[in-house]
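Undergrad: Okay, here's the structure, questions in a sec.
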Amino acid sequence: MSLRLSEGDSFKLRCSAVTTSMEHTHLHVTWQIKSGSTWQDILSLTHEGKFQPGPGYEERYRNGDIRLDTGANDTYWLSVSQASSVDGGAYRCLVSEWVRGADSTWQKIQEKSVEIASVAIQRTALDVVISTSNVSVTERDSLDLTCNITTDRSGIFQAEVMWYFSMSPDDTLSDAQVLLSMDRDSVVSDSTLISLSHVDRNSYRLLVRDVDVEDSGYYFCHAGVWVPLHNGSWHKVVERTSAPVSVVVTALEPDYEVFLNASKTPKFSDDPTELNCRITNSQDTKANIRFTVSWYYRPRLRSDDVVTEELLATMDADWTLLLGDRGRERTQNGEIIFSKKAVDTFSLRIQWTSESDRGDYFCVISAWSRHRNNSWVKSKDVSSASVSIFWATQDYTLTVEAVKLKPFFVAGHTFEMTCKVSSKNIKTPRYSVLITAEKPLTDQSNPNGTTRIISLNQDSVVRLEDWTDQTRVDGVVLEKVQENEFRYRMYQTQISDAGLYRCVVTAWSPGGGGMWREAVNGLSNPIQIDFQTSGPVFNVSVHSDSPTIYQGELADLLCIVTMEGMALEPDDMSFDVSWFAVRSFALDREPILLASLDRRGIVMQSRRNGSSDLSLERISPLEFRLRVHGCEDHDFGNHYCVVTPWVRSATGVWQREPDIKAKPIFLSVKMDVLNAFKYPLLIGIGLATVIGLLSCLIGYCSSRWCCKKEVQETRRERRRLMSMEMD
């Protein structure tokens, strides 16, 4: 018998087995299938009455897909459900007869087989095809795709369909996104904008409404065929996936133009500037289209220079203003204002335009489209023509002239000079003046050479800059004589005031918001103060009889002032003395002020961290002694003194001479090893002696009184040894 079945069908085979033996025997029936050249057991009914599935058929036997039933007239039926390709082949029935022996063991008497049928399983053919190939739709339109299913299956079956979306045609089902599905009971999964309908028995339609650019990609259909089983359940016999279909969604760009004009243009510096960026001739701009603006500035350069655009500000889809690097601070201060005057108009206003704002300006209007997930995506940019902001100006000029009012004067008199200022092309200027002095390089108080003395700003506020002479706080005056003339006075001039004096003038013009804007700077000619004197010349040196000392000792350092030239009375000269130390062998560290003695005899000491102490005294009119009491190791280093001479002139005015620095001397502090260990050694020996004597005393007392005992001696008998011969 030959059977031709489709995949998933069921079939039955019958085998009859009769015995004629007179013995009490049992039959063992086995159904087999021929796999290649060998027979493989499917299911057996043993001689003991048990069902035994063959290798690989256990699961199907438990599920009920393979059964062995007995019928009338000694028939044995093999039932196979959900037939697959492995069930195809030749089937035979193998019957053996068994008898129980006297020892209760089973013995096979005979065995016979017969081929019952040849079964051919035909696989179910399934073709899944999307009716269209490549599809192109416009944004906001509907996408319509149909999946056609063709199968050679006859009888009862149901189909299930699933639509997938992927950005790549090579993605697998696990990587793709499930759009909609319809199971074998025609139940469709829920979706708002996507629908799936069963057009006829073999066609399934996918409809995507209101598509946008994000829907561009590859769509494919996956289908499966289910057949019913004898127990009422369903079994999937075949499934296939269609070839992907490319879908391109063309963005629906709005059509509009951008026009930029200047409603206010500056004619002078600090005038306001206002630009309006308008959207004109707009089409296809529905509720899901939003416009934003970006403002750009392009400086005007020479033709051979590369012009770069600078972003002033831009808006995102939520109309949040994002500032660029240029003008960020001015925008935060309110000097530059960005606003939206109307639905189609954006404005840029510069409250007070400066020369640095001259150049070309243009705006870019961006259109944003709202997608189905309520997100905004930029769809188009349109740039306007540039508008030039420029006005003719002439360069600012500023001239400063310094004049000495008294051409000849001596130390102690008043120095006076005026600064006259003239400017051009500056609107209602105001001036700030700074007086500077260039001292000789030999001046130790200012090694850089230039000193800022006093200043007067554009609001006529006077300020002392680097003037540090506390004895002459009111010794310098700067005042405004006229709008363009300033006068500087210095009372009781000193020898140390010699140098070149200049006027540094800054012209200011009114800016926006009541602020002043710096226009240009100017420097005057120098005015020299030079004192011709034949007075004495002072020299300073440092001396010590013992530059190397031990810790704890006293260190004496002498600062000796010598004088050459004209001799002076002790009452006509005085000195400010300051002692410094550099804590290193080389002079590579910052000096530390130890103590100072001014010309009035007031001693000032700096704060110290160690236990050593300092004293500074004048031992003669030209000698000053610094003592370090109880020297420690951190008192080493190079020590030197700085002397400021003061000389009384014939008019009775004290004149300050330039500072004089002495050559440093190195002070070395050593540790006295013998003195360092003397006291610990004496203390140790003393403690050892006391402990030894105390130990001897404790031992003597213990042996004399505490440990004395009477010892009783036992009397021993004295016997003479007998000779061995007596025994």
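Cβ atoms here come from the backbone N, Cα and C positions, even for glycine.
Grabbed the feature section from TrEMBL, which reads as follows:
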DOMAIN    1-115  domain 'Ig-like'
DOMAIN    126-223  domain 'Ig-like'
DOMAIN    254-383  domain 'Ig-like'
DOMAIN    536-644  domain 'Ig-like'
TRANSMEM  679-700  transmembrane segment
Undergrad: Take the transmembrane segment (679-700) and find every residue of the same chain, 6 or more past its ends, with a Cβ under 8 Å from one of its Cβ atoms.
TA: none
Undergrad: Grab the pLDDT values for the domain 'Ig-like' (1-115) and give me their mean, rounded.
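TA: Mean pLDDT for the domain 'Ig-like' (1-115): 86.
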Undergrad: Based on DSSP, tally up the residues of the domain 'Ig-like' (126-223) by helix, strand and coil.
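TA: Final tally across the stretch: 3 helix, 54 strand, 41 coil.
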